[in-house]
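Attaching a single structure in structure tokens format; questions to follow.
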């Protein structure tokens, strides 16, 4: 057994390991720090608001998530890739990205106002949606985040987010202690987005950079739009099969159903953070390996998948057996129904993990259109499954639909195209314990 772990350790060694691990360390510290405080604060908020008001808040956030996907427009991956490949053109790359996202943010907010005006029959859900929706106008500030990601300097992202997080978490606690209104608490969610953008700008300036140097280039904008629109469409459809369940529960059942369902997936989605952290930190390394050593490139992808998948499996097994205790301790008896939801939904983490890294592979390989088709496939599966299962199984139907959509899109889809079949076999071998043990024993964990 010792030799197996020794072999695995050797496989993970690389010349860039210390930089990557340092970056992952900062991001992991950020997530663990935020997770521990946020779990306490959000549990208090969930109890304080109750299922209906918490459902209204999350219904609004689910709608806003669609606009975020449109504003980002797939430019997060494309911009990081361009910054890594062409560092001397950073001002043009960043300026063009910011202009595109600012234009899309302005359009999105106007559309949101129209939706909020005509969608809701009640004043409170309408007001909550507009308040949370103001954060749409701040989304272009993520351009600074892409700069830090490309330069593997995620500690500045961590610092900016933690500063705003600590301030706003404290405010939420104070407001609840003083029995503040629902709308007052909603306003703090907006304040957190404002402060995060301000701190990002402060740290960008601290690094002797200036947004005043950013320039936009029509050539760069055209290329960005050409490269990123499939990713935007893919991101949009990913949001559909990650968030449409909440919207459909609100439409087909009620806001309380949304609140109970969201309470469960809040626990489940805590563990989605690790794959995002690992992929954002290893992405620059994988881009370089793709150009210099393709065999090592695929080996690293496999090892990242292996690590993420089995961490997710261990988490899923643990949560499955402790779900009743977790829900009762965190949210109280009014959310007992969330227990079964969590038991089902936690297993999506396995497919989210391998889906995140395989999705990055699509971008590096310039297979954005196939990535879009995969996401559309998952969205269609989820919508149809929700329509069928929610009337029959209620809230549990939404959880089953999400799990089925994740398996279909992030795992099975890649089998049916010759260009993606290699990544499918990597994913299959990632969760095949017999292959893993046999390979480790032979000191050959990955083979072409």
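Every residue gets a Cβ built from N, Cα and C, even glycine.
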Kindly point out the range from 133-153, 301-321 that TrEMBL annotates with transmembrane segment.
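My reading of TrEMBL: the transmembrane segment range is 301-321.
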Have a look at 1-22, 397-418 and point to the one annotated transmembrane segment in TrEMBL.
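In TrEMBL, the transmembrane segment feature sits at 397-418.
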Do the transmembrane segment (156-176) and the transmembrane segment (32-50) come together with 3 or more C-beta pairs under 8 Å, pairs six or more apart in sequence?
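By the criterion, they touch.
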Between 56-76, 182-206, 301-321, 341-364, 371-391, who has the most Cβ pairs under 8 Å to the transmembrane segment (32-50)?
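The stretch I would name here is 182-206.
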Counting Cβ pairs under 8 Å that sit 6 or more residues apart, are there three or more between the transmembrane segment (341-364) and the transmembrane segment (97-120)?
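Not in contact, no.
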Would you kindly list the residues that approach the transmembrane segment (227-244) from elsewhere in its chain, counting only those six or more residues past its ends and only Cβ-Cβ distances under 8 Å?
62, 65-66, 68-70, 72-75, 77-78, 359, 363, 368-369, 371-372, 374-376, 378-379, 381-383, 386, 402, 405-406, 409
So if I exclude everything within five residues of the ends of the transmembrane segment (182-206), which remaining residues of that chain have a CB under 8 angstroms from its CBs? That is, six or more out.
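Distant contacts of the transmembrane segment (182-206): 45, 48-49, 53, 56-57, 124, 127-128, 131-132, 134-135, 138, 141, 144-145, 147-148, 156-157, 159-161, 163-165, 167-168, 171-172, 175-176.
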